[in-house]
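S.K.: One structure coming up, written as structure tokens, with questions to follow.
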Amino acid sequence: MSSSRFDSNKQLTTSSLVIGYALCSSLLAVINKLAITYFNYPGLLTALQYLTCTVAVYLLGKSGLINHDPFTWDTAKKFLPAAIVFYLAIFTNTNLLRHANVDTFIVFRSLTPLLVAIADTVFRSQPLPSRLTFLSLVVILAGAVGYVATDSSFTLTAYSWALAYLVTITTEMVYIKHMVSNIKLNIWGLVLYNNLLSLMIAPVFWFLTGEFTEVFAALSENRGNLFEPYAFSSVAASCVFGFLISYFGFAARNAISATAFTVTGVVNKFLTVVINVLIWDKHATPVGLVCLLFTICGGVGYQQSVKLDKPIEKVSEKDSEKGEEDEELTQLVPGKLASVV
């Protein structure tokens, strides 16, 4: 009886974590688009997100609800290059959402396997992709090309940011894995270092982009009031959901299998598209949406083909656990914290 009740409670907890992760992941890109639409200061917006995550991790750590590595300058110096790459990925992502719709963001986010496959073959001397993997990459590329060709809101500025985002997020995916392997930090330690260092980097970009002059001009024009009601609510939601996806992402990854986590991530993309279409008119044309779905489906095929391509080897239990931990950190840290889907 008690065993049955325990299993029931565990299942309920797991379901709650998965639902929480799905809601945060599917809503975050749309919420960020709302935030940047009503609060057109990408540098300040991301700084508020970093501040929220940093303070939340610190307070939860002080209360004993989570455990994170202490902040030390020696570790910070080692982690700084990864934090810069992380900041650039979030910076380009926010500016992409500033100039383009959510669908364009998802298309370019889905193109990352193509760049990773090319980089692995050219720079790391990895073998050419299998037929199934190659076919999946072709589907991704075809969907992306079709989307761009039918995008009625195409602008050079938006697609310049899209290309910059594609390069930085691909670099981050590779580089964060390298940093995780060489700097021993737990999950919440990574969250703390990523966001605190990014918060320190933010003022540099405020001055380089000239955004600080826009903020001061808006403050003087609005008598010190920078937030309108819509802006305040969307920015607050963006900050809260940015932190929640860190928590639910890590917790859900621990509670379910890697395959189930991947499937959940794919479903989240479809939910994002549906939500974006339902709430307003800032989305792609019907033909563009079909091309977007092709790109997402190609990404699903790529993920499955890569799993099939992996050789089955006998490894020790210790090595297996370490590999799973590194894979978990690699999947969850890049592109998830504070701002992106």
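Here the Cβ of each residue, glycine as well, is placed from N, Cα and C on the backbone.
Quick paste of what Swiss-Prot says about this protein:
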- 17-37: transmembrane segment (TRANSMEM)
- 41-61: transmembrane segment (TRANSMEM)
- 71-91: transmembrane segment (TRANSMEM)
- 103-123: transmembrane segment (TRANSMEM)
- 132-152: transmembrane segment (TRANSMEM)
- 156-176: transmembrane segment (TRANSMEM)
- 187-207: transmembrane segment (TRANSMEM)
- 231-251: transmembrane segment (TRANSMEM)
- 260-280: transmembrane segment (TRANSMEM)
- 283-303: transmembrane segment (TRANSMEM)
- 316-341: region 'Disordered' (REGION)
S.K.: If I count Cβ-Cβ pairs under 8 A between the transmembrane segment (187-207) and each of 41-61, 132-152, 231-251, which range comes out on top?
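M.R.: Highest pair count goes to 41-61.
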S.K.: For the transmembrane segment (132-152) and the transmembrane segment (41-61), check the count of CB pairs under 8 Å (sequence separation 6 or more) and say whether it reaches 3 or more.
M.R.: no
S.K.: Any chance the transmembrane segment (103-123) and the transmembrane segment (283-303) are in contact, meaning at least three CB pairs closer than 8 A with a sequence separation of 6+?
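M.R.: These two segments touch.
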S.K.: Where else in the chain does the transmembrane segment (283-303) make close Cβ contacts, counting only residues six or more beyond its ends and a cut-off under 8 Å?
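M.R.: Apart from its flanks, the transmembrane segment (283-303) reaches 101-104, 106-107, 110-111, 113, 132-133, 135-144, 146-147, 150-152, 262, 266, 269-270, 273, 276-277.
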S.K.: Is it the case that the transmembrane segment (71-91) and the transmembrane segment (231-251) touch, counting contact as three or more CB pairs under 8 Å in which the residues of each pair are 6 or more positions apart?
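M.R.: With fewer than 3 qualifying Cβ pairs, these stretches do not touch.
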